[in-house]
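**Q** Quick one: the structure is below, and I'll ask about it shortly.
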Ligand SMILES: O=P(O)(O)OC[C@H]1O[C@](O)(COP(=O)(O)O)[C@@H](O)[C@@H]1O
Ligand SMILES: [Mg+2]
Ligand SMILES: [Mg+2]
């Protein structure tokens with residue numbers, strides 16, 4: 001099995017970008033170890049703090065954020081970082097070539113139940129005309145991403161990574177200490193009969209999503225003519241990983257549950273990197289109205305509706321939004 005560096009070299013990835021990715025993965029290995037130690041490492045439970053989005057921070061949110069922030073800024077090739085757990089961007093080397101944005105710990109509500117969680121990251125090009133502490137340099141569409149990935153802390157620790165040459169899956173070999181290529185090219189089946197959505201929000205969705213899910217629930221007797229199964233991991237990394245492995249549609253649509261927060265998932269460090277991975281695996285990622293990676297962000301913590309996965313199923317869902 002192949003290690004990461006030769007695979008990325010073969011894909012023509014810049015050597016500084018390879019070492020940045022490897023640095024991010026070194027932090028993720030450390031997070032993986034602490035996650036596996038659980039209460040023994042003192043990583044479970046909540047802090048007294050909240051992040052800028054008003055969410056209670058788990059101890060692991062903070063630990064993962066500090067680990068990633070420190071090693072990424074030490075590389076010297078990063079001009080600034082932006083994290084779910086940092087109110088503002090953090091400046092690095094003014095001459096750095098890259099910007100990194102990340103969700104240090106996705107699926108925070110799963111930490112205390114020993115269930116799936118992960119780290120999501122996205123790497124953008126730095127902009128020469130902007131200062132290192134200028135947050136506006138991050139406001140680039142997802143199509144500008146140079147690399148994106150997630151590390152899933154599950155029964156195995158797995159990495160999904162793309163640099164625009166397909167989506168590859170790696171597994172952490174804990175004896176050797178590095179990630180080994182275990183799936184050369186993830187390929188999302190075009191058709192599926194599996195959907196993932198938080199059904200408890202059903203009554204708050206827009207009519208298009210209500211109608212789409214209602215038709216899926218009718219199964220064989222309904223307009224879609226087949227029975228669907230449902231899954232919900234409550235961690236986007238877990239749900240997207242399943243979609244990359246065996247297809248499906250994952251949606252966190254707009255809702256009216258909390259008027260101050262019509263969309264749940266964050267564009268820059270959740271939706272964009274996942275969209276890049278999904279598209280590079282042959283899937284689609286949309287808000288229902290536009291391609292997610294075409295959105296020009298207006299804020300580093302911007303939220304967005306997400307519908308992604310198997311091509312034909314996502315297209316069917318989009319059709320309900322265009323009626
Ligand atoms: O609580 P809900 O509605 O099931 O939402 C789950 C969603 O929230 C998230 O956990 C948000 O991510 P964070 O844990 O990083 O805040 C997603 O990963 C997941 O899809
Ligand atoms: Mg998250
Ligand atoms: Mg998070």
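Cβ coordinates come from backbone N, Cα and C, glycine included.
A TrEMBL annotation is a machine prediction, not a hand-curated record.
Keep in mind it's a predicted model, so treat the numbers as computed, not measured.
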**Q** In TrEMBL, the substrate site includes 106, 107, 108, 109, 198. Which of 22, 261, 264 does it also list there?
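**A** TrEMBL names 264 for this substrate site.
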**Q** Could you look at 221, 270, 279, 290 and say which one TrEMBL places alongside 103, 106 in the Mg(2+) 2 site?
**A** 270
**Q** Can you tell which of 70, 74, 84 TrEMBL lists as binding Mg(2+) 1 with 103, 105?
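**A** The candidate from 70, 74, 84 that TrEMBL ties to Mg(2+) 1 along with 103, 105 is 84.
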**Q** Which secondary structure state does DSSP assign to residue 108 (substrate binding site), in the simple three-class scheme?
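**A** Note: residue 108 (substrate binding site) is helical by DSSP.
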**Q** Looking only at 108, 109, 198, which of these binding-site residues has the biggest number of Cβ atoms within 10 Å around its Cβ?
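**A** Max Cβ neighbours within 10 Å, all protein chains included: 108.
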**Q** Based on Cα coordinates, which of the following binding-site residues are within 10 Å of residue 270 (Mg(2+) 2 binding site): 103, 107, 108, 109?
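**A** Within 10 Å Cα-Cα: 103.
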**Q** Using Cα coordinates, what distance in whole Å links residue 109 (substrate binding site) and residue 103 (Mg(2+) 1 binding site)?
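**A** Given the Cα positions, residue 109 (substrate binding site) is 14 Å from residue 103 (Mg(2+) 1 binding site).
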